[in-house]
Amino acid sequence: MSAVGSSTSKEVLWSLFDVLKGSCLCALFVLGGGWQLYAETHRQLVTLRQWDPRFFFMVSITLLHALFSLVLSPFFMLCDHLGWFSAYKLHRSERMRPTRGLMVEALVEAVLGTLVITPFAAWALYPTFVKFGGEVMPVVRPPFVQSWVDFCLSELTNQFLFYWFHRIFHHRSLYKAIHKKHHRFVGTVAPASEFAHPLEAIFANTLPVILYSVVRGVHLCVFLVWLFWRVEETYEAHSGFCFSDSFLGRLGLLNGRKAVLHDWHHTENRGNYGTGMIFDGLFGTAEPFMKAGGWKAYKERALNQRGSASGGDHHDTGRDKENGKSK
């Protein structure tokens, strides 16, 4: 096996371990206190104040989404503006920085998406969620192993579907009309996380996330914890920060590695279609990234403010090369 092939295999194994680890942490949270928090919130709002379960479902999902789009995302922007956590900031050349107009456009979409589209979508999803057996009432806490398996399969389903929809949207016949909007952000920032064409928002960003949980009929508590994991991951991956060397990062509680993987995808605009490296490794689209040295090499260049020219200069070339042919 070549050095690149060996490195790719290690990345795939690391990504599989990351799925198991993240799923275990989520299941432990449900077991350790998440269920009690959910049950008490449900008792206060649905039992005592007689909220409609469908309204409770909608508000829960909307508030969770707002936590990231209207709180965490501006926090990352503030950190960038004030120079907080600068040791973890991935370098940006001038051409990699979004224009003021693009930022305003993304922020407006984030507010509308959170306050209008998310509540509507959650309200519309509720009958399907219940039809497949999803529970809102906190009757019996799901067993630890069952929750762990559900979180694992939710993540693997998301990674598989996102990989293929994302790769399809890079096809030359679809890229300009659909996916190019997201790639207007050459160097990613948190508001870019959900800045996407409506078709991409549905098929790449939403369907892969909810499909397993809805069809499996998981409890709403489990669904909310899964959404928390997934949405935090995507906002951190687009933040422009790599926290892998921070205290929490070294404990495996943050997603610095994924931030590097996706940052390379945006600056080079090829390969690294997945949220992790499992399916890029299996289907051969990790090779350009691994030949360039992989995540450690990219991280070191970006954090030490070297290679800024290559990140900016190669962006358009990579875009033309990658999206001018079928993959």
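Heads up, the Cβ atoms here are built off N, Cα and C, so glycines get one too.
Not measured: the values here are computed from a predicted model.
Taken straight from TrEMBL:
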- 12-35: transmembrane segment (TRANSMEM)
- 55-85: transmembrane segment (TRANSMEM)
- 106-126: transmembrane segment (TRANSMEM)
- 156-285: domain 'Fatty acid hydroxylase' (DOMAIN)
- 209-229: transmembrane segment (TRANSMEM)
- 305-327: region 'Disordered' (REGION)
- 312-327: compositional bias 'Basic and acidic residues' (COMPBIAS)
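Tertiary neighbourhood of the transmembrane segment (12-35): same-chain residues 138, 141-142, 144-145, 147-149, 151-152, 155-156, 159, 221-222, 225-226, 229, 252-253, 257, 276-278, 281-282, selected by CB-CB distance under 8 Å and a gap of 6+ residues from either end. Here the domain 'Fatty acid hydroxylase' (156-285) has, by DSSP, the following mix of helix, strand and coil residues: 84 helix, 1 strand, 45 coil.
Averaged across the domain 'Fatty acid hydroxylase' (156-285), pLDDT in this predicted model comes to 97.
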